[in-house]
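What Swiss-Prot lists as active site, nucleophile is Ser11, and the listing cites a curator's inference. Annotation source Swiss-Prot lists glutathione binding site at Ser11, Val168, Trp179, Gly180, Asn181, Asp182. Taken from Swiss-Prot, the feature substrate binding site applies to Lys43, Asn53, Arg54, Tyr84.
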Amino acid sequence: MIVDFYFDFLSPFSYLANQRLSKLAQDYGLTIRYNAIDLARVKIAIGNVGPSNRDLKVKLDYLKVDLQRWAQLYGIPLVFPANYNSRRMNIGFYYSGAEAQAAAYVNVVFNAVWGEGIAPDLESLPALVSEKLGWDRSAFEHFLSSNAATERYDEQTHAAIERKVFGVPTMFLGDEMWWGNDRLFMLESAMGRLCRQNADLSS
C-alpha cells in the first residue's frame, strides 16, 4: 500500500501529519512516497493570492493554540521557528535516495524546524542534518546550490500542481486525495477498507 505525501517544511500541519503517517506506516506496512514542494507556488497556481495565516494575527493566535492541542494529542513538541524560509531544506530532500533515507531526512528536518524551533534557513542546519544522517557535508551543500536540485524541486512542484494539489499536507491513496492533518483518520479508514478488500480477495 502506497501513500503519496506532499509537504513543505514551513508547514506545522505537515510536521504533525508526518508524525501520524510514520505511525500508520508501521501499523499497516505502508510505503510513503515523499514529495517536498513549494507551497507558495502551489497556492498561486490556483489563484490563492491572499495573505498567509501568519499574516492574520487573530487567526494565527488561534492556530497556535490548536497546533499545541494536536502536538499534545500526538505526544510531540511543537515550537515555532524564527522564520519560514524553507526552500533550501525542501530542495535538500531530493538529495536523499532510497525510501529509508527519504523518511529519515524528512523526520530529521521536521524535528529540527518544528520540534526544536530551528529556523529552516539557519546556515548551520545542512551541516547538522548531514551529521545526523551520516552524509558527506560538502557533497550535500554542493547539491543544495546546484541547478539540478532546483530543477528537480521545480519539477515536483509542477507535478503536484498538475495533480491538483492546492495545499499541504496532502495525501493520496491511489487517486483519492486528502488535504490536512485532520483528514488522516479518513485516510486510515480508507486504508482499513482496502486491507479488508485485499483479505477477502485472497481468502
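Using N, Cα and C of the backbone, Cβ positions are placed for all residues, glycine too.
Sequence features annotated in Swiss-Prot and their locations in the structure.
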residue: Ser11; record: active site, nucleophile; DSSP class: coil
residue: Lys43; record: substrate binding site; DSSP class: helix
residue: Asn53; record: substrate binding site; DSSP class: helix
residue: Tyr84; record: substrate binding site; DSSP class: coil
residue: Val168; record: glutathione binding site; DSSP class: coil
residue: Trp179; record: glutathione binding site; DSSP class: strand
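Relative to Ser11 (active site, nucleophile), the binding-site residues with Cα atoms inside 10 Å are Tyr84, the candidates having been Lys43, Arg54, Tyr84, Trp179, Asp182. For Gly180 (glutathione binding site), the same-chain residues that are 6 or more apart in sequence and have a Cβ closer than 8 Å to its Cβ are Phe13, Ala17, Gly167, Pro169. Between the CA atoms of Asp182 (glutathione binding site) and Lys43 (substrate binding site) there is a gap of 20 Å. Note on proximity: of the binding-site residues Val168, Trp179, Asn181, the one nearest Tyr84 (substrate binding site) is Val168, by Cα distance.
Across the structure, Arg54 (substrate binding site) and Val168 (glutathione binding site) are spaced 15 Å apart at their Cα atoms. For the recorded glutathione site, residues Ser11, Val168, Trp179, Gly180, Asn181, Asp182 set the reference point as the centre of their Cβ atoms, and the other residues of that chain within 8 Å of it by Cβ are Phe13, Ser14, Leu16, Ala17, Gly167, Pro169, Thr170, Arg183.
If you take the Cα of Asn181 (glutathione binding site) and the Cα of Asn53 (substrate binding site), they are about 16 angstrom apart, rounded to a whole number. Every protein chain considered, the tally of other Cβ atoms within 10 Å of the Cβ of the residue listed as 'active site, nucleophile' stands at 22. Recorded residues Asn53 (substrate binding site) and Val168 (glutathione binding site) have their alpha carbons 13 Å apart, per Cα-Cα distance.
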